[in-house]
Amino acid sequence: MVTPTKHAIGLRSASGVELLAHIGLDTVTFDGTPFSLKVKEGDTVKKGEVLVEFDKAFIEDIEESALHQKIFTVVS
């Protein structure tokens with residue numbers, strides 16, 4: 001799963017474990033501006049592969065604590 005705003009990516013392992021990677025707190029409000037996706041929904045990814053890149057300065061200018069909060073949630 002990749003959100004349209006590019007701030008969150010959902011992953012599912014071969015064994016079915018699901019993980020949500022969420023960058024920042026209110027980064028959904030940026031409407032994708034500071035993010036550059038390197039994968040698309042349905043892609044198979046490997047350890048070490050870059051999933052998303054983002055403009056750290058852009059996020060820090062707007063949301064001082066955004067990059068100090070990275071949320072990873074196992075959903076299964």
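The backbone N, Cα and C atoms fix where each Cβ goes, glycine too.
What Swiss-Prot records for His22 is active site, tele-phosphohistidine intermediate. When secondary structure is read from DSSP and collapsed to three states, His22 (active site, tele-phosphohistidine intermediate) falls in the strand class.
Annotation source Swiss-Prot lists domain 'PTS EIIA type-1' at 1-76, citing sequence analysis.
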(request) Kindly state the mean pLDDT of the domain 'PTS EIIA type-1' (1-76) in the predicted structure. (result) 84
